[in-house]
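What follows is a single structure, written as structure tokens, with notes after it.
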Amino acid sequence: MANGGGGGGGSSGGGGGGGGGGSGLRMSSNIHASHLSLDASSSSSSSSSSSSSSSSSSSSSVHEPKMDALIIPVTMEVPCDSRGQRMWWAFLASSMVTFFGGLFIILLWRTLKYLWTVCCHCGGKAKEAQKINNGSSQADGTLKPVDEKEEAVAAEVGWMTSVKDWAGVMISAQTLTGRVLVVLVFALSIGALVIYFIDSSNPIESCQNFYKDFTLQIDMAFNVFFLLYFGLRFIAANDKLWFWLEVNSVVDFFTVPPVFVSVYLNRSWLGLRFLRALRLIQFSEILQFLNILKTSNSIKLVNLLSIFISTWLTAAGFIHLVENSGDPWENFQNNQALTYWECVYLLMVTMSTVGYGDVYAKTTLGRLFMVFFILGGLAMFASYVPEIIELIGNRKKYGGSYSAVSGRKHIVVCGHITLESVSNFLKDFLHKDRDDVNVEIVFLHNISPNLELEALFKRHFTQVEFYQGSVLNPHDLARVKIESADACLILANKYCADPDAEDASNIMRVISIKNYHPKIRIITQMLQYHNKAHLLNIPSWNWKEGDDAICLAELKLGFIAQSCLAQGLSTMLANLFSMRSFIKIEEDTWQKYYLEGVSNEMYTEYLSSAFVGLSFPTVCELCFVKLKLLMIAIEYKSANRESRILINPGNHLKIQEGTLGFFIASDAKEVKRAFFYCKACHDDITDPKRIKKCGCKRLEDEQPSTLSPKKKQRNGGMRNSPNSSPKLMRHDPLLIPGNDQIDNMDSNVKKYDSTGMFHWCAPKEIEKVILTRSEAAMTVLSGHVVVCIFGDVSSALIGLRNLVMPLRASNFHYHELKHIVFVGSIEYLKREWETLHNFPKVSILPGTPLSRADLRAVNINLCDMCVILSANQNNIDDTSLQDKECILASLNIKSMQFDDSIGVLQANSQGFTPPGMDRSSPDNSPVHGMLRQPSITTGVNIPIITELVNDTNVQFLDQDDDDDPDTELYLTQPFACGTAFAVSVLDSLMSATYFNDNILTLIRTLVTGGATPELEALIAEENALRGGYSTPQTLANRDRCRVAQLALLDGPFADLGDGGCYGDLFCKALKTYNMLCFGIYRLRDAHLSTPSQCTKRYVITNPPYEFELVPTDLIFCLMQFDHNAGQSRASLSHSSHSSQSSSKKSSSVHSIPSTANRQNRPKSRESRDKQKYVQEERL
């Protein structure tokens, strides 16, 4: 068998030298017999292809040449010469000579250049001096030869620079050519690496014919390209030395020259071609050039993977080389046959420190390399692999892009995304009472959701999707398809410690979204009223196109202010704008009637053409009696097509075609009756459920109509100026103005602000409104509003202007304004005073709401309402303690005791009575805000409204209730009674505004007292109200509706109070006085047969027609402005229109005989009261 191999070797060597070759090969066959079978097939093919002797010599025996070739070590096939000499050193030497030769030349050039610079340093200085000395003769042309020489040098430098710049452009990724070249080089490097993987199955060194080996030809073409690219890089390099030592350069040194050597020697050496794997490190750069990688996480992930894999493959290539070759000092005798992929496996188990032992290094070089590699490899494995797994695990969970569903709209919700905010939003947005919610909700937040929030998303997976990202990043906005979204809703953190910072964050979100897509509709929550002005600075912000800012401070304090005028109104309004399911209770308890009202919400619908030409009260009565709907407002188009929302406008206004009505109903389907109603078809129908689309309506629908389904839902194109009133004079016979000059006095006196919407006075210094405790006690305040405020110099501002403005609305006469007394820290109130100094009848008592002496000084037992606010709530981390100050103050007031005799004495003394006010008994007024008990001897009976941050803290306000701590806020007794208010109830306004943008306008009209966009722009400029002269235009703005409470105990409706029907009261009040009733404020225990001492009341919203009334009920109503209330209060009609805020003191004729005896008392006191209050208004 050995002799046959020798013959083959001789044949390959050529001619008669075959025998010698065979004998030489037989010696090595005795040593490596165990490895010979691996190369049998390859040696035979190589032998036959390279033979140049006679055919008989090459084909004498087929079996023996194979066996003779198998004697050669696995590192080489049949040698390409007669001696079987290895040539690996030639390949390695080519790389070493190239590297060190080039390095030597670079260093030599630098040395010579340095020496030249040092030697010529003095000569250079002499030339510079010569230039300076000859500077004056330059104009005469004496330096022309020098100039020509300098130009030649400059041209040479310019040519070299141009070549260098051209080479830099060619390899730069800034240009298209450069990017193509860079990507091509990387792709060819990977191709060369693949060729290495293919060749690794062959012996380390083998004979190859360049003209017949296809892979060698491809590899040669690749390396020629690498050589050209290397030249470009060398030319473009600024520092040639550092370029020579770069990793990519070293890769080229050890891979390119050996290919040329292999062509020359007609043999191949696998060698260091594995270094091409180091090119994988640039993989992330290539993907960035192609704009495939854009996020930091993806770039980091690809970087880690490329470094890890390139290091792994390169190290495996080195082990493969040394293990298959053996140690040179051992004459390559200790080699072992390992495939490249076995080496890859070996390196992985080595890095992971597992080390199974099935594959291991035998050579000294291999083991020495493993010793050093295991140190770095272990560190890399331990750090890179966990990070890679973490990036892969987190990357795809909430990444990706939103895929829009055809025929289905989607909205984007961002901002403060937490379990509480999202659950409240989804509960209201996806409520079953909403008609056909075919909207998908896409949440975008930069923090991944926790487990609870994730579970919430999964429960609503059919309509909710979450994506991790930021609205400040245009890439993330593109992912959620913001350009095709129906709207973008931004939630605010109501409990943040710095409200201004939170508002600034949301304003930046608005700017980012509008910058990306100016036409997107945005609804955002704002915490502070003064920050709304910054939204006006955004060019693409347009409230006419549906953009809205829901200011929580403005609405929260507006709700509370309305409760000062009609206690319980805050609860009723909050329930109307929230979606609540109907909860049926069979037992005859107060909860039964309360929950029946809670199920009512606010809806809009276009009115049927059957109502065209009818007056508003007529349509309102018809809707209530026949359709079982309560209409409280309409959208009115004036002659110039300007749209306004009018609340209970009165009988002078006629319904137009296409009028939008605002209804209170239990669901959206009921409101459709107002659109489907037809007098011809439905006039005799008694069951409102049978009022459906009739044949007449179908004929109308076939004709062109201006009412689109989208308008019915959102009415986006008919945005009106919020709170603006029609500039029309009332023509109701009961409301004919007598002599306006009596009430408005001299038109040259500024009594109202420039818009005519609020009472105004000249700015006052805070020192002039501060009362000491003794001054407050001597003043004997009565029928006023006490505002207990907790705050200090470092507290965030609440924005008390939003509380005062509704109480100073111009649709009150001056004598009807309630005096406001602030009790709190003077340091805090000084910070708020700049926004309050233009309002009349405001006083400050420095102190603390927890001091009973301060509370007694302001006669808290005689106040119409006590408001408890805190500016320190968000500075406490423990949510259960956030409301501690308000709760303590409330409990403190409720535990106070008062002497009735002192109260009666004070009420009849020369105490506080603003000019023109009647001191009549409040208990017999037909219209008043809160039916005061004959006397208050305990603090429990004092009307209080407490602001809470944490809903669960409501359980601490009433010690005698049985509310469960887990009960929702709207189901608790304090909220139902109107004695507690939490800002969380305003969350529902986000979804309500989205579905109907007129809803926010309506609620702001109701609670702010008449704030308009013009007024907001003015406040944004000056941060204060500007006084204006009384003109017919501004005075016409006073003619608007307001909320009041109607007492049934006595007065024109006393006959209905005892067992009458609510529907009869509704119709009588509407027909007789244009008063629109919409709810009842009833004693909690009124349903009990036995009399109770409990004075707590609860709210009943929109009771049915047949609902039975009791004498102690107070009726919520929308009252017209009474022009004559400022002149005369001697008629019944005027008393029915007097304000509930002034009814406790004046503005009505009462039925008790003692009234006449008291009529002269205000006149006798007027001069004394003016000294303290009227004079303040004129300062």
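Easy rule for this one: first residue shown is 1, then count along the chain.
Each Cβ is built from the backbone N, Cα and C atoms, and glycine gets one as well.
Summary of the site annotation: Swiss-Prot records Mg(2+) binding at Gln463, Glu465. Screening the candidates Glu440, Glu452, Glu483, Glu502 against this entry identifies Glu440 as the one listed for that site. Relative to the membrane, Asn238 and Ser298 are listed by Swiss-Prot as lying on one and the same side. Swiss-Prot lists region 'Segment S8' for one of the ranges 173-193, 215-235, 614-634, namely 614-634. Given the ranges 255-275, 297-317, 780-800, the record in Swiss-Prot names 780-800 as region 'Segment S9'. Looking at 348-352, 663-667, 678-682, 998-1002, the stretch flagged in Swiss-Prot as region 'Heme-binding motif' turns out to be 678-682. Sequence-distant contacts of Gln463 (Mg(2+) binding site), defined by Cβ-Cβ distance under 8 angstroms and a gap of at least six in the same chain, are Leu430, Val437, Val439, Glu440, Ile441. As a whole-number mean, the pLDDT of the topological domain 'Extracellular' (360-368) in this prediction is 87. Cβ neighbours of Glu465 (Mg(2+) binding site) (same chain, under 8 Å, six or more residues apart in sequence): Tyr402, Glu440, Ile441, Val442, Phe443, Phe457. According to DSSP, the secondary structure content of the topological domain 'Extracellular' (201-215) in residues is 2 helix, 3 strand, 10 coil.
Using the Cβ center of Glu440, Gln463, Glu465 for Mg(2+), the list of other same-chain residues with Cβ within 8 Å runs, in sequence order, His410, Val439, Ile441, Val442, His460, Phe461, Thr462, Val464. According to DSSP, the region 'Heme-binding motif' (678-682) comprises 4 helix, 0 strand, 1 coil. Note: the topological domain 'Extracellular' (262-265) comprises 4 helix, 0 strand, 0 coil (DSSP; helix = H, G, I, strand = E, B).
In three-state terms derived from DSSP, Gln463 (Mg(2+) binding site) belongs to neither a helical nor a strand segment and is classed as coil. Counting every protein chain shown, the Cβ of Glu440 (Mg(2+) binding site) has 18 other Cβ atoms within 10 Å. Same-chain neighbours of the topological domain 'Cytoplasmic' (287-301): 173, 179, 182-183, 388, 391-392, 394-395, 475, counting only residues six or more beyond its ends whose CB sits under 8 Å from a CB of the stretch.
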